[in-house]
Ligand SMILES: Nc1nc2c(ncn2[C@@H]2O[C@H](COP(=O)(O)OP(=O)(O)OP(=O)(O)O)[C@@H](O)[C@H]2O)c(=O)[nH]1
Ligand SMILES: [Zn+2]
């Protein structure tokens with residue numbers, strides 16, 4: 001059933017219920033380590049035999065990666081269950097934020113993965129669910145939801161997006177603005193576009209803004225999102241016409257809770273790139289084809305893009321939108337986001 005199965009599996013995982021992930025090479029029965037306690041773990045795995053599936057990056061931190069000679073550096077790793085590994089120890093194995101507070105005891109043993117494709121799909125599913133990429137893993141037993149590796153990919157597919165509704169929305173940057181909401185039958189995040197000014201045949205000034213609750217709403221000084229959002233709206237309002245696409249890609253696509261985990265790691269000295277990697281995620285998990293699909297639905301094929309991020313330009317172009325011009329959007333740093341901006345410049349290719 002495609003994305004619908006992925007949606008059910010995501011819902012189950014977030015509730016701490018077991019799911020089965022199937023791929024061409026086999027299946028895994030899984031329960032998220034996040035939120036598991038002795039009661040739910042005993043129900044999932046009465047014999048206390050479930051192993052623990054973690055990301056390659058986490059295995060590396062735990063010095064487990066070289067126990068298994070994997071040709072693929074992104075291959076998840078299965079940590080063999082030992083009698084002393086309970087829900088708390090499994091949480092410590094999974095969550096790098098706890099490393100300073102509770103140094104890991106070990107020794108941990110990695111064991112071969114019987115279904116590597118299923119394991120990889122399980123980690124993709126964790127990102128979509130916004131949970132830590134770590135599971136208790138068995139093969140047999142009851143589950144709440146079953147999902148195939150292809151279903152996981154279908155869930156992320158922007159093609160099913162459609163315009164749900166539109167309305168006039170005067171905003172402080174411009175009284176001539178219209179909001180357009182987009183919906184996908186497959187997943188609940190609702191992206192929106194704010195069209196500002198009088199549409200004509202010239203390419204609009206566009207900003208792709210990825211959601212940042214802390215910056216956009218709370219005025220966080222750790223990033224540049226809030227000021228960029230307002231600056232973008234004003235630059236768009238000063239142009240003939242333009243569109244702000246507000247994309248529900250919190251935390252560069254890892255979700256709010258995982259972004260806040262990344263912040264906790266930044267409090268311990270890691271930068272924004274290393275924090276993501278340490279959690280077991282890609283440096284940037286966003287897919288800008290969703291923005292291209294939104295522009296498509298708005299009948300826009302060519303844009304002038306407000307960004308410092310070359311990946312946004314290539315992402316849009318790869319999805320068929322012509323980027324006639326890149327317009328920089330640079331704002332003064334503050335003492336709290338200086339390092340973040342420097343990391344974007346030095347490690348993720350932002351042109352700052
Ligand atoms: N994972 C993670 N996400 C972060 C962190 N700081 C900010 N973000 C997220 O990063 C995204 C910032 O998005 P944008 O400003 O649209 O993109 P950008 O890649 O900085 O590119 P620009 O167009 O040049 O601003 C938002 O989704 C934020 O929630 C962090 O330390 N870790
Ligand atoms: Zn931000």
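Glycine is treated like the rest: Cβ placed from N, Cα and C.
Annotated features in TrEMBL:
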- 284: active site, proton acceptor (ACT_SITE)
- 286: active site, nucleophile (ACT_SITE)
- 207, 208, 209, 210, 211, 228, 250, 251, 252, 272, 307, 312: GTP binding site (BINDING)
- 212, 223, 225: Zn(2+) binding site (BINDING)
- 166-328: domain 'GTP cyclohydrolase II' (DOMAIN)
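Overlay of TrEMBL feature records on the structure.
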residue: 207; record: GTP binding site; CB count, 10 Å: 25
residue: 211; record: GTP binding site; CB count, 10 Å: 22
residue: 212; record: Zn(2+) binding site; CB count, 10 Å: 23
residue: 223; record: Zn(2+) binding site; CB count, 10 Å: 20
residue: 225; record: Zn(2+) binding site; CB count, 10 Å: 19
residue: 250; record: GTP binding site; CB count, 10 Å: 21
residue: 252; record: GTP binding site; CB count, 10 Å: 21
residue: 284; record: active site, proton acceptor; CB count, 10 Å: 18
residue: 286; record: active site, nucleophile; CB count, 10 Å: 20
residue: 307; record: GTP binding site; CB count, 10 Å: 22
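Mapped onto three states, the DSSP output places residue 207 (GTP binding site) in strand. Checked against residue 286 (active site, nucleophile) by C-alpha proximity, the binding-site residues 207, 209, 307 yield 209 as the nearest. A mean pLDDT of 96 is what the model gives for the domain 'GTP cyclohydrolase II' (166-328). Residues from the recorded positions list (209, 223, 250, 286) with a C-beta closer than 6 Å to any atom of ligand 1: 209, 223, 250. Ranking the recorded positions 223, 225, 284 by the distance of their Cα atoms from the Cα of residue 209 (GTP binding site) places 225 first. Per Cα geometry, 225 is the residue among the recorded positions 212, 223, 225, 284 nearest to residue 307 (GTP binding site).
Sitting within 8 Å of the Cβ centre of 212, 223, 225, and not among those site residues for Zn(2+), are the Cβ atoms of 214, 215, 216, 220, 222, 224, 226, 228. Within 10 Å of residue 250 (GTP binding site), counting C-alpha to C-alpha distances, fall the following of the recorded positions 212, 223, 225, 284: 212. Not a single one of the recorded positions among 207, 209, 250, 286, 307 has a C-beta coming within less than 6 Å of an atom of ligand 2. Residue 286 (active site, nucleophile) carries neither a helix nor a strand DSSP state and counts as coil.
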